[in-house]
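Residues or ranges marked as acetyl-CoA binding site by Swiss-Prot on the basis of sequence analysis: 120-133, 156-165. Among the features that Swiss-Prot reports, compositional bias 'Low complexity' is placed at 204-215. Summarising the annotation, Swiss-Prot assigns compositional bias 'Polar residues' to 218-231, 335-346. Annotated compositional bias 'Basic and acidic residues' per Swiss-Prot: 413-432, in sequence order. Summarising the annotation, Swiss-Prot assigns domain 'N-acetyltransferase' to 1-186 and lists sequence analysis as the type of evidence. Residues or ranges marked as region 'Disordered' by Swiss-Prot: 204-254, 335-359, 385-432. Residues or ranges marked as site 'Crucial for catalytic activity' by Swiss-Prot: Gln57.
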Amino acid sequence: MEFRFNCHPLFRQRIVRINNSLLPTGFTAPCRRTALDATAQISEIINFIGQLSAQAQGLSNPVTTSQKLRNSDHHIYLMFEPNEKHGLVVGILKVGHKSLYVFDQNGETVNVTAPCVLDFYVHESRQRGGLGRELFEHMLNEEKIQPQSLAIDRPSGKLLGFLQKHYGLYNKIPQMNNFVVYEGFFSSKQNGSDIDGRRMHITASTSSSTNNHHAPPSASTNNNEYENNHATSHDLEEPAAPQEESPQDNEDVPEEVLSANLQNLNMADASDYVDYHHHHQLQHAKSGHEVTFADDYGEIPEPTADPDPYTFHPHHLELQNQQEQQKQMMINRENSASPQSISQQHTPEHPGPRKPIRYTKQHTGLKNMSSGVGAAVTPSAKMEFDQEENEGFGSVKINRPIGKSNTRNSLHSGDDNESVHSKGSDSSHMTEHGHFDLKFYHNKLW
């Protein structure tokens, strides 16, 4: 894989190791600008090869990127092939330590921090030429580890065949995650030191933790030490059993003292030798509450039948008298009502004791009209409405007679002044109902 920049200054060796500083081992920069340029070039190389490795493995996202390497303690080994131009980068190998939960040969889950192969890729044009084994051997020598002590992350078929061919790794230990481990993984010195003290005992029953039952000793635990620890924990957990007093000692003690002592005892500590029913009766006797049995309910009188709801009561006469008085008051009010009081309207009689509702001017719509003005502008039998043609929605032309003429011809006599004329308006200015006759153009409401 050739790049646009010259790779020879970056690769002083055939295989270089790169950590989270994104600078190859053995690289020296004369100035800060040179170091920044080298970091940018190494980042471009890692991102490009990581994308090719993901495509070869059928992954949607690359496993190896420069950003992931900067935020971790993993290592990347890059293989370089010099030429007359910028040089070629032909392979990549990413390794690092991870904390894993894996199954051992006995099926027990253990937590180990083991070296892992996270990404391994050689360009297709350079495969089957021994470059992959050269890169892998260089990594084993640098990390000082054995092939069987490695955990492989999502190995492809080619990688599994590569390990079988060159290192004889055939027998795999089944795991529940994406890592593959081989026999000999737990027997190595490095992984064995990480396993100590972190072995997990998984049982099918969950009551062992709640009942303080101890798990059986594992294969790596000494039986004598387990028995000593088991006996010591029982000595610490089990409380001392209370000693029972002889009946001769209790005969000389008064009953009041015994009952007081029983009340002060904790129920959890005295549950082995104190009868709960006897203690319950003592508590009721102390507080003065006695238990009532079913035989004591015989003296309770039986409930009598409900009285007749329709029986006569003297209060009914008072209600009838009040209703009759209210009806009489309503009749007198209707007879004494004057036509001048517009605010008072006739209301229907109420059969019950409720008072009639009084309607005000606000309810009737005559809020802005006085008594005289309301009668003057209210349409009466003397007013005629004449609309000879359609003048639009809501427009009504009112033609009122001139003087005392009540004929149809007087409406078109040539006088356009429209007025309201009532009887006796020339002399007494009073209508036949006793109201003042006001012209519509004299009223401020018009």
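Backbone N, Cα and C atoms are what each Cβ position is placed from, and that goes for glycine too.
The Cβ of Gly129 (acetyl-CoA binding site) has 11 other Cβ atoms within 10 Å, all protein chains considered.
All protein chains included, Leu160 (acetyl-CoA binding site) registers 15 other Cβ atoms within 10 Å of its own Cβ. Listed in sequence order, the residues of the same chain lying 6 or more apart from His123 (acetyl-CoA binding site) and placing their CB within less than 8 Å of its CB are Met1, Leu52, Val90, Gly91.
Mapped onto three states, the DSSP output places Phe120 (acetyl-CoA binding site) in strand.
Here the Cβ of Arg126 (acetyl-CoA binding site) has 16 other Cβ atoms within 10 Å, regardless of which shown protein chain they belong to. Shown in sequence order, Pro147, Ile152, Pro155, Leu169, Tyr182 are the residues of the chain, 6+ apart in sequence, with a C-beta less than 8 angstroms from the C-beta of Leu163 (acetyl-CoA binding site). The Cβ of Gly132 (acetyl-CoA binding site) lies under 8 Å from the Cβ of Gly91, Phe120, Val122, Phe162, each of these being in the same chain and 6 or more residues away along the sequence.
Within the same chain, residues at least 6 positions away in sequence whose Cβ sits under 8 Å from that of Gln57 (site 'Crucial for catalytic activity') are Arg154, Ser156. Neighbour density for Gly157 (acetyl-CoA binding site): within 10 A of its CB lie 7 other CB atoms from the protein chains shown.
All protein chains shown were included, and the count of other CB atoms within 10 Å of the CB of Phe120 (acetyl-CoA binding site) stands at 25.
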